[in-house]
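Engineer: Before I ask anything, let me first share the structure, which is written out below as structure tokens.
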Amino acid sequence: MAQEVRVRFAPSPTGALHIGGARTAYFNWLFARKHGGKFVLRIDDTDRARSTEASYQQILEGLRWLGILWDEGPDVGGPYGPYRQSERMDIYRRHLDRLLAEDKAYPCFCTPEELARDREAAQREGKPPRYVGRCRHLSPEERSRRIAAGEPHVYRIRSRFEGETVVHDLIRGDVAFANSEIDDFIIWKADDTPTYHFASCVDDVEMKISHVIRAEEHLSNTPRHIVLFEALGAEPPAFAHVPMILAPDRSKLSKRHGATSVSEYRDMGILPEALVNYLLLLGFSPGDDREIVDRETAIQLFDLEKVAKHAAIYDVKKLEWLNAHYFRQQSPEAVMDEAWPQLVERGYVAEDECRREVLMWVRTVIAFVQTRSRNLQELVDGVRPYFEPVRAYDEKGVRKHFAHPETASRLRTVADRLAGVAPFLAPVIEREFRRWIEEMGVKSGELIHPVRLAITGLTVGPGLFDVIALVGRDEAVRRLREAADRVEAGEVVTE
Ligand code: GLU
């Protein structure tokens, strides 16, 4: 690409960073990285009533957490700042003044009542609502007089009426819009602030944006933007409109379909790497069946032409599956670090624990449970049997596995024998166990299931011999004896 690639993500800070926005940001970021260009973060906060500082902070935090970092932006600065539209009012005003001087824009004094009447009339005639042009040809004297008299007014751009405007969209191909549908639209509001269209185009010109990659909902704004770029005397950037994200029932994705904001995913234990991988798959196919695409590979593969034209369907199962993959790929130390506050909260470890053997043991437990967990929550729940005595036994399990009249005596036998096993390692325990099964003349399940229930309180879990080895000899023996006592006394507490 001859021209320097400069793209921007331009969120309006009016709420949380949603996955749709995060995906737009990621696609822009990938495109910039792929072409050695710049990724600009611009905050579209001209709507003072709806913009909030909290939302601004959330957007920055969310992007940072996802590792979608910007080269230029409100906090890091850059050559074309400031990067918050609310701080660029003098720039917009300068451009407005120029358009007025060149007679490319004009003040409009039509009242809301007049405009409502025009709309009704158009509707009666079955025509699309468009500005009738009442103020288009006022004399310069009349304009000045009415402005000086303090008459409320907006500014409109002189649009075109004949022919069509073709948007060359890098995802959708050419999309033609009849110019009769574009009217002299408002670029400056009565409250003396620019409209989104105007501020956005001025910034895209001033910030030398080469490619506008944004949500599909803005495709219908693009012919207006092309009018504006021309009025501003600039070559329009290239455009790419990214398809919508729909819920599985093809309705608009909303709260009722579960988490939609980046911070909610983070709180659910979704990893940033999993989320960006998922964002990529929402509308982009790498061209083969692969679904695990990390950031570096995504940079290599990314191509706007491979972005789907049709809507992407949100699939939380896919996200969870990806999360499991990335979760298991982390080092046990990283997981331990993340899990530590929760382990402390549950009383499993002391916050300031520093004994090497304890830390090594916790690491071993985590490494063991991590391979069987899909996320941090499952891991923290899954390590319970190694830190806590059994408080209650699985109810169904009790009915099934503690019912045999010889349960207590079998558990005691295993306890006694386990007390003599050395070294206390999973393969040794397994070998011994198999021998006891034969000697006792029982089926393996008749011993394995009650023992698992006695030691973990659960009916399912990782390989029993690994579990016993990790719980440790003294504790395993103690739990077996305790379960035997409870079974005998008929005092099994179930959950
Ligand atoms: N502030 C607009 C939005 O959040 C940006 C649209 C654009 O990229 O031009 O939808």
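Using N, Cα and C of the backbone, Cβ positions are placed for all residues, glycine too.
TrEMBL labels come from automatic prediction, so no person has curated them.
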Engineer: Can you say which of 82-86, 117-121, 162-166, 252-256 is given as motif ''KMSKS' region' in TrEMBL?
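Structural biologist: It is 252-256 that TrEMBL describes as motif ''KMSKS' region'.
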Engineer: Taking all residues of the motif ''HIGH' region' (11-21) together, what is their mean pLDDT?
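Structural biologist: Residues in the motif ''HIGH' region' (11-21) carry a mean pLDDT of 96 in this prediction.
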Engineer: Are there residues at least six beyond either end of the motif ''HIGH' region' (11-21) with Cβ under 8 Å to its Cβ atoms? List them, or say none.
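Structural biologist: Apart from its flanks, the motif ''HIGH' region' (11-21) reaches 43-45, 47, 50-53, 55-56, 58-59, 62-63, 215, 244-245, 253, 260-265, 275, 279, 282, 314.
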Engineer: Other than CYS108, CYS110, CYS135, HIS137 themselves, what residues in this chain have Cβ atoms within 8 Å of the centroid of the Zn(2+) site's Cβ atoms?
Structural biologist: TYR106, PRO107, PHE109, TYR131, GLY133, ARG134, ARG136, LEU138, ARG156
Engineer: Do you know offhand how many angstrom separate LYS255 (ATP binding site) and CYS135 (Zn(2+) binding site) by C-alpha?
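Structural biologist: Cα-Cα distance, LYS255 (ATP binding site) to CYS135 (Zn(2+) binding site): 44 Å.
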Engineer: What does DSSP assign HIS137 (Zn(2+) binding site), in three states?
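Structural biologist: DSSP assigns HIS137 (Zn(2+) binding site) to coil.
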Engineer: CYS135 (Zn(2+) binding site) has how many other Cβ neighbours within 10 Å of its own Cβ?
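Structural biologist: Excluding its own Cβ, the number within 10 Å is 20.
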Engineer: Counting other CB atoms within 10 A of each CB, which of the binding-site residues CYS108, CYS110 comes out lowest?
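Structural biologist: Each of the binding-site residues CYS108, CYS110 was scored; lowest Cβ tally within 10 Å is CYS110.
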